[in-house]
Amino acid sequence: MSEPVLMDRFARKVDYLRMSVTDRCDFRCVYCMAEEMTFLPRQQILSLEEIHQVAERFVALGTRKIRLTGGEPLVRAGVVGLCEKIAALPGLRELCMTTNGSQLDKLAAPLFKAGVTRLNISLDSLDPQRFRELTRTGDLHKVIAGIDAANAAGFVHTKLNCVVMHGRNDHEINDLLAFAIDRNLDVSFIEEMPLGIISEHSRAESFYSSDQVRERIAERYTLIPSTDSTQGPSRYWRLAQAPGIRIGFISPHSHNFCGTCNRVRLTVEGRLLLCLGNEHSVDLKAVLRATPGQPEKLEKAIIDAMQLKPWSHNFTHDDGVQVVRFMNMTGG
């Protein structure tokens with residue numbers, strides 16, 4: 001008997017779901033949200049049970065990888081229990097989480113026990129003052145303690161996510177690599193994505209391409225192309241000096257990955273986003289609440305939504321913004 005498969009109209013298989021469990025965060029990163037952010041009312045967001053119901057239907061339809069995101073997922077009460085329920089879904093191969101690391105010193109071990117298979121941890125600077133400037137509220141030492149707690153808990157192939165910005169942290173690229181090598185961490189260097197209008201931050205001035213990142217790395221290390229894949233948008237390389245770790249590049253501007261896109265996103269409001277860089281969406285919360293106890297209705301809405309998935313995004317790296325929602329409203 002063949003496995004169920006979700007397909008879009010371009011015959012791309014969709015088997016990766018990113019789910020935002022909250023729009024709230026204890027950081028205010030300059031590329032993610034405005035400093036004075038207004039968050040969604042509690043009644044407007046999905047309950048943990050509703051998030052689990054959506055995950056259950058996606059896995060029944062062939063999804064093999066789920067990533068929980070935010071905002072910061074670990075500030076939502078009950079998220080460890082949610083992880084345990086999702087990890088137990090028959091057929092799911094990977095349950096991952098993207099986090100800023102601020103809560104991992106106390107939650108890494110419970111997450112590992114709950115069945116989370118991999119962590120991505122955001123880290124854009126190793127300088128405490130610059131880290132504070134970029135996150136507006138973050139404590140670098142607490143994040144590093146969280147990274148060490150993840151290693152101690154048993155997580156492997158933990159990945160650092162670094163958004164590289166010209167004039168802000170591009171000079172730290174090789175220092176971040178050295179930090180990753182020392183702790184046996186993978187790294188993804190990410191081109192900034194133009195989501196939401198942030199008046200105090202110019203994306204045109206801060207854009208730094210993946211090609212520029214590789215040039216900077218080549219000043220200290222030897223990059224070797226790799227065929228590794230984690231079912232996500234990263235294109236991976238290895239380092240001759242540290243072959244055990246993977247170096248990824250997420251390049252939505254300079255080398256977009258739309259042609260092989262295999263993922264969709266669920267916002268915490270229950271909108272199923274078919275593309276990070278477009279507003280095509282389906283309101284799954286409305287389906288859940290209009291037809292409780294009828295999972296077949298939710299499945300049909302998911303299947304039908306695949307036909308709305310566009311071929312590609314329309315990102316630019318000037319200050320023009322095609323998508324007005326912030327990254328924390330999207331699920332990073």
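The backbone N, Cα and C atoms fix where each Cβ goes, and this holds for glycine too.
Per Swiss-Prot, domain 'Radical SAM core' is recorded for 9-220, and the stated evidence type is sequence analysis.
The number of other CB atoms found within 10 A of the CB of Arg263 (GTP binding site), across every protein chain shown, is 22. Per Swiss-Prot, GTP binding site is recorded for Arg18, Arg67, Thr98, Lys159, Arg263, Val264, Arg265, and the stated evidence type is sequence analysis.
In the shown protein chains, 29 other C-beta atoms lie within 10 A of the C-beta of Cys32 ([4Fe-4S] cluster 1 binding site). Residues annotated as [4Fe-4S] cluster 1 binding site in Swiss-Prot: Cys25, Cys29, Cys32.
The S-adenosyl-L-methionine binding site annotation in Swiss-Prot covers Tyr31, Gly71, Ser122, Met193, and the record cites sequence analysis as its basis. Using a 10 Å radius centred on the Cβ of Gly71 (S-adenosyl-L-methionine binding site) and all shown protein chains, the other Cβ atoms total 29.
As annotated by Swiss-Prot, [4Fe-4S] cluster 2 binding site applies to Cys258, Cys261, Cys275, with the evidence given as sequence analysis. Cβ contacts within 10 Å of Cys275 ([4Fe-4S] cluster 2 binding site), excluding its own Cβ and spanning all protein chains shown: 21.
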Mean predicted confidence [pLDDT] for the domain 'Radical SAM core' (9-220): 94
Distance from Cys25 ([4Fe-4S] cluster 1 binding site) back to Tyr31 (S-adenosyl-L-methionine binding site), taken between C-alpha atoms, in Å: 13
Nearest of the binding-site residues (Arg67, Thr98, Cys258, Arg263, Val264) to Ser122 (S-adenosyl-L-methionine binding site), judged by Cα-Cα distance: Thr98
Cα-Cα distance linking Cys29 ([4Fe-4S] cluster 1 binding site) and Arg67 (GTP binding site), given in Å to the nearest integer: 20
DSSP-derived structure type at Cys32 ([4Fe-4S] cluster 1 binding site), helix or strand or else coil: coil
